[in-house]
Structures are given as structure tokens and as C-alpha cells.
Amino acid sequence: MYPPPRKDFIALTLSDPHSRDAYNNGKHRRRSCWRKWKQLSRLQRSLILFLLILLLVVGLLFYPSVSEQWRGWSDKEEWLELNDRGFKAERSPAPGRAPAPVAQPHLGDAAADPVALAKPKEPHVPVLAKPPAKRKTSLNKRGPPSLQKDANVSRLNGGGKRDVAPQEAGEEEEEDKDKTIVSWRGAMIEADRATEPSPSAAPKEAAAPPPPINPTAAATLEVSSGNVSRLEAVRDAFRHAWKGYKDYAWGHDELKPISKSFSEWFGLGLTLVDSLDTMWILGLKEEFAEAKSWVENELSFDKNVDVNLFETTIRVLGGLLSTYHLSGEQVFLEKAKDLGSRLMPAFKTPSKIPYSDVNIGKGTAHPPRWTSDSTVAEVTSIQLEFRELSHLTQDPQYQEVVNEVSKLVHQLPGKHDGLVPMFINTNSGQFSHKGVFTLGARADSYYEYLLKQWIQGGKTEDHLLEDYLQAIEGVKKHLVRQTGPSRLTIVGELSHYRFSAKMDHLVCFLPGTLALGVHNGLPGDHMDLAVQLMETCYQMYKQMETGLSPEIAHFSLQDSAGQDVVVKPADGHNLLRPETVESLFYMYRFTKNAKYRDWGWDILQSFNKYTKVPNGGYTSISNVRDPANPGPRDKMESFFLGETLKYLYLLFSDDMELLSPDKYVFNTEAHPLPIWPSPPK
């Protein structure tokens, strides 16, 4: 429907051209405008004046930032040219200072120069060239560091490394060495420090925790045009994560890096305890010393709080035990014994299958409020830690209760060619919710701990090996499929005999576990499956726009499908999980194929690009498919420091004796525990 036509009128004024009062167009226009202004009501005139004044004020306030963005457009061609050239910033020591020595990647590292540790380098921050403003966004938006969309897609060189956006150190560096940059997406970012690592440097002195033994000024990352020190890149990532925890969450469970605060789960300093052995392995002596001081003086289990048996065992008990073995410090064993005794009430059930929750102050235990079931993974993935506690204390009660659980599950009906359901009832001791089989959440580490207990105990417990071998055959028979487009091998799920091509990121522990089994004499075809699954797990990262894997992936099994990996909206988050880099560590150790290191390097760079928060810490993200807005979730899981960075460091280390799989077995939280000597035959 068209609007009615407008009717325009023309007013003519006829006058004598020789008259004094001849028509004057400018004067008439001024009088006409004034007449129209006078015809407006007082309210209308006031409103117009107010809006004009408001626009003037806003224009004055935002003039600097607007002019800065206009100047950014002139740099567009230069930015694109730099992006093609790649990252070419040069390493240069701070003026007047010699380069600081880099710590050697070894557990001992006792000969490190204390003078050098006390005198770190001055900050040297490369500054990114100004990119073109692609879209207008709010300047107060907070988010993890990230780069432009054009540079987000993974592009592999011949060496398998991801191309990254360039960085240049210019005159602005002299004005402010700690400068952060407001990106054209509105997120606060800093110079990307993942691409080229820096020498060892300690974070800024914290306000909340006690000062370290040798406090140092903040040191930032330098870049090198030569070979990349991947080990130092991992150290730098740990320092950055630790700085955020130390500044904003010291002594608490988890860091919220965006809001610069913390969250509590059990109130046991989860991140700190989970990170202890990582600091020791990475040679971060000052950080380790201040963390040890907190454990010795502040960590107490005498509190009225419910904790999850599984999570507390693998993170806290496992962390304390492994740190005791690595450092020899008695305080960690004493804390482990205290905690272990407080977790024992969980096993006081009619079936001997432990409850999921324990009050470590009251000495009581109970199942979740909504069910009397426990998950199979939780009750069968605490054995390594409790057995080791008995081995160290010579108190058999800890090993006895967990061995009883293993024997009960070994004998239970309801398995499907070695595959187990996800739930078990603490009253009856029987599987519940039968018919659903997965190697993902609620069942994953059951299979992992079958093999690792067998290795831990000197390969003498045949029922564990029997269950493991049968389970792997069940996986190959019922859960393994190939995708249509690229023929990727996946491990899906079975629900009442219906197959689902759904694969949790958690399943990516399996390639490493299979390789570990082959290394310990199990069938060679397990390695064939491990190689295929390792490729799939890497593709879950590579095929995403951010280079980071979703929490859950669905796969296309039809040949006509255009892509292998399908991500549903609710599954596209990334929690900084370790399973893929864990398997990369095992695959490289046993095959020496350098591509596994390159894949791990790609993943580390993506973590730095999309999850790193400028003021310290890393954050989970909500959408791995949107590099422009990955959606920071404001949470850094403790396992990012306890597992992910640890496995990356071990992957890049050339020291094959560093935590050798022939001497240590890692629990499901990446805490290494010694393999017991085989008993005499």
C-alpha cells in the first residue's frame, strides 16, 4: 500500500524590483527560520537545545578514541602486508641488562644461579600494529586476548606450525612497556606472547599472598626470530595463569579471571594444590616455595564442608602424593594422610561402593540429594591414589577399600563385551541405568584406571588386565566408526543398541592409554587404533575456527556430508581440557613422530590467542566456532595448570627420562605416582 502523494506548495512574493524593500532571499530565509523556531512549543525548543548540548559534550569526550580509529584505517594496507609476512619481532634485552639465563627443563635444576633469579629482565612488550576496524563494538567489553578473524583460521606451514598475526615493537614501546591494546572488537588484549616465548620471568608481587622468597618485578615476554623455545612458552603460560590466581584468588579453589575474583568449590585451594607438581617439574622454584608455605601454614581439612570423593582424591590427594615423591618434603605426605583418613567414611555403605560426597569435618558421607547412585568413573578412579597412600604409610586400610570396589565391579553382570554402564547403586552394588555405554563423561577413567592399576602394581593383578583387554575389544566392536567426508575414526556411544556418532572431548584420553598399553606389551593393533583416534582428536581442534575443540563433537557418517565435525550450540564450549595434549605426550614419547609436537604447539597457540586474559589467567570460552566473539566464561579450571600445561611441557621436553612412563604412572589428573617394583617370582 503506497502512502498518499505529498502536496508541495510554492509561495511567491511579487514586488517592485526598484523598490527599497526589494526581495532579499537571505534575509527572508533567516526570518522564515526564526518564525518556524518561534512556532515551536517551549518544550520542543528545550528538548532540541538539550540534544544539541548533549551531542557536543559526547563529541568532546570521544574525540580522542574516534580519531585513533580513523587513523587505524590508514594502517590497513600496512597491517595486511605485515600479516602476510608473519611474526618477525626480534629478541632484544632490556637496555643496560644482559639476557637472563633460561632454566633448564629438568626436575633437579638445583644449580640455578640465585643471583640470576633475583635479577630478571626488564619488561619488553612487542606491540601489535593497528588493525582495520571491522565493526563497531563497545569499548568496555572485557574478554580474552584474541586476534582478527582473518588470521584465526589454522594455516599450517611445512613444519605444521600455525601462522599468527604479526607484532612490531615501535616507539610506543618506549612510552609504556606494559601497554595493553584495545582491539577492534572492543576486547582488551595484549601483545600475543604465545607465538614466540620469553626467558624465565616471575610474575608481579602479589597483594594477597605472602611475598615470595625473592620477589621480582614483572617481566614480560620477549620474542625471537630464531628457533622457538616451546618449553619456555609453556613456562610463560603457567606464569601468566599463576599470576592471575595469585593476584585475585590466592588460597581459593578457582580463579575467575575476567571479573578478577574467585569461586569456591570445596574451599581447599584446589588450583594451588593441583599445580604443585607442575611447578616443580617446570622448575618454577619461587612459585613452588610460596605455594608450599601456604600448604604448610594455611591448608586445613578440619572444616565442616562436603567434598566430592572423586574430585578431591584425584586433585588434592593425588597432588599431595605426587609432590611428596618429587620434592621429598614431608609436609605433603602428612597432609595426604590427614585427607585420606577423612575420606574413608565414604566407603561405609551397604554395598562397599562408596558414596559420592563426604563431609571431611564431621566424618559423614552421603550420596547426592537426587539419587542413591554414584557414577562408575568416580568409584573406580580413586584406586591409584588410595593404593599409593597405603604403600607410603604401610597402613593397608586405604588399599583394601578401593581394591574391594575393583573386585566388585569386575564380577558385576550388566556389562556389554567389557563395556560398563555409567551408574552404580551404592545400596545394591549393582549397575543402574543399563544399556547406555560411552567412553565419555561418567565412564571414561574406569577404562584408564584398569590399565594403570595393572601397571602400578607391577603387572600382577590379572583381573584388571582381563577387564581392560575385554573392554578395548568391546570398543572396537560396538563404538568405533568412520566419518564419511575424511574417513576419520571415532569412538561413539551406544544407547540401547542404537549408535550415536557423539564423541566427548574426554574420550581423547584413549589414544594415549592405548599407546601406553602397547608400550607395556599389549597387542600391537591397539597402536593402530591409537594413531587413528589421535588424528581425529586433533581434527576436533583444527576444524574449528578458533583452533580449539568443542566439549562435545558430533560426526557425519554419510559420504555426502560436507564436513566431519558438527558442533551443536550447547556443545561448543571449551574448558581448557587436557585429554588431547595428554595423548599427544604419550604418542610422541612412544613414536618420536614430530608431528605430535607440532599439533600440541598449535593447540597452545590457540589457547594463548583466544583464552588468555591480559591481567592474568586463562578463561574457558563458550563458542569455539566464533573467533570474533568466543564468549569468555570467566573461569579457569584447576586442571589447566595441573594437567594441560604439564602435559604440554612434557610433550616438548627432549629429556625422555623426565617422568618416564617406565617409572611413573599418571593419575587421571596428571599427577605422577611411582610404579611399584615387581614382586619376586
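Yeah, the Cβs are placed from backbone N, Cα and C, and that goes for glycine too.
According to TrEMBL, the transmembrane segment annotation covers 46-66.
Among the features that TrEMBL reports, region 'Disordered' is placed at 123-218.
What TrEMBL lists as compositional bias 'Low complexity' is 196-207.
The active site, proton donor annotation in TrEMBL covers Glu311 (among others). A simple way to gauge crowding: the CB of Glu311 (active site, proton donor) has 18 other CB atoms within 10 angstroms, across all the protein chains here.
The Cβ of Cys508 (disulfide bond) lies under 8 Å from the Cβ of Leu533, Cys537, Met540, Ser549, Glu579, Thr580, Glu582, Ser583, each on the same chain and at least six residues away in sequence. Annotated disulfide bond per TrEMBL: Cys508-Cys537, in sequence order.
Taken from TrEMBL, the feature active site, proton donor applies to Glu551 (among others). Its Cβ taken as reference, Glu551 (active site, proton donor) is surrounded by 19 other Cβ atoms within 10 Å in the chains shown.
The Ca(2+) binding site feature in TrEMBL is assigned to Thr668.
Rounded to a whole number, the C-alpha distance linking Thr668 (Ca(2+) binding site) with Glu311 (active site, proton donor) is 10 angstrom. Rounded to a whole value, the Cα-Cα separation of Glu551 (active site, proton donor) and Glu311 (active site, proton donor) is 19 Å. Counting Cβ atoms from all protein chains shown, Cys537 (disulfide bond) has 27 others lying within 10 Å of its own Cβ.
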